[in-house]
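Per TrEMBL, these features apply:
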DOMAIN    41-199  domain 'Sulfotransferase'
BINDING   ARG54, SER62, LYS179, GLY180, ARG181, THR182, HIS183  3'-phosphoadenylyl sulfate binding site
DISULFID  CYS162-CYS174  disulfide bond
Amino acid sequence: MFAFSRSVGVPDVMPKTLDGQITMEKTPSYFVTNEAPRRIHSMAKDTKLIVVVRNPVTRAISDYTQTLSKKPEIPTFEVLAFKNRTLGLIDASWSAIRIGIYALHLENWLQYFPLSQILFVSGERLITDPAGEMAKVQDFLGLKRIVTEKHFYFNKTKGFPCLKKPEDSSAPRCLGKSKGRTHPKIDPDVIHRLRKFYKPFNVMFYQMTGQDFEWEREESEK
C-alpha cells in the first residue's frame, strides 16, 4: 500500500512537502494494520491512498514462498492453511490467508477515508499492462502522464515488466531477487478450497470498490 500527501511531512521521518510537490510513503502493512487509517487520517485527512491487490490465493502462496526462503524449516503450506484439513476449515488467523480478505481491511479504511481518495491497482494488470495501470495512478494523483509504454520491457527471466535503462543509469531497473521466485507446488485440492473460501470475500470487495478484478474468471481459465 502507498500513502501520498501534499501536506508537511512528519518531522524527522518524512521530508517537508513544498507547494507543487507530492510526498510518497510506501508500507504494505498499512492496509492490514487496524490503527493505520485513524492515525493517517489524524495526520493528513486529504491523503490519497493507493492499494495494489492481486488474486488472494496467489498472494497467499507468494507470501508463503517469501517466508520459506528465509525459514526453510517451516511446515508446508497445506499444513499452515488449515485448522482442520479433514473438515476443510481454512485457518483465517494465519497472516498469509488473512491479508487476502481485502473486504475486511477495506471496511476499516472506509470509516476514515472516502472511496474517492483510494485507488486500487490490479497486481495482475501491472504485469500484463504496466503502462495502463501507471496511467491510472498518474491520473489519480493529478500528474501528467510521463510514464508510458516506452518505459517498460518484459523481462523473461523475472517473469514481469522492468523499467528500461534511464539516461543517467547503466542498467535497467527491475525488482530485486525477492520478487519472481518460483512458487512451491501446492496440492490442487488445497487451491480449490482456498478459492471457495475467498470467493464471497472477493465478491464483497468488488461491490465495495466498484471494480471487478476477475479473479474467479482467471482461475476458471487455468
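First residue shown is number 1, and so on along the chain.
From the backbone N, Cα and C atoms, a Cβ is placed for every residue, glycine too.
Automatic, uncurated: that is what TrEMBL annotation is.
Looking at ARG54 (3'-phosphoadenylyl sulfate binding site) and CYS162 (disulfide bond), their Cα atoms lie 18 Å from each other. THR182 (3'-phosphoadenylyl sulfate binding site) is 17 Å away from CYS174 (disulfide bond) when you measure Cα to Cα.
Most Cβ neighbours within 10 Å, among the binding-site residues ARG54, HIS183: ARG54 holds that distinction in the structure as shown. Cα-Cα distance from HIS183 (3'-phosphoadenylyl sulfate binding site) to CYS162 (disulfide bond): 20 Å (rounded to the nearest whole number).
Geometry remark: THR182 (3'-phosphoadenylyl sulfate binding site) versus CYS162 (disulfide bond), CA distance 18 Å.
Just so you know, the Cβ of SER62 (3'-phosphoadenylyl sulfate binding site) picks up 18 other Cβ atoms within 10 Å once every protein chain is counted.
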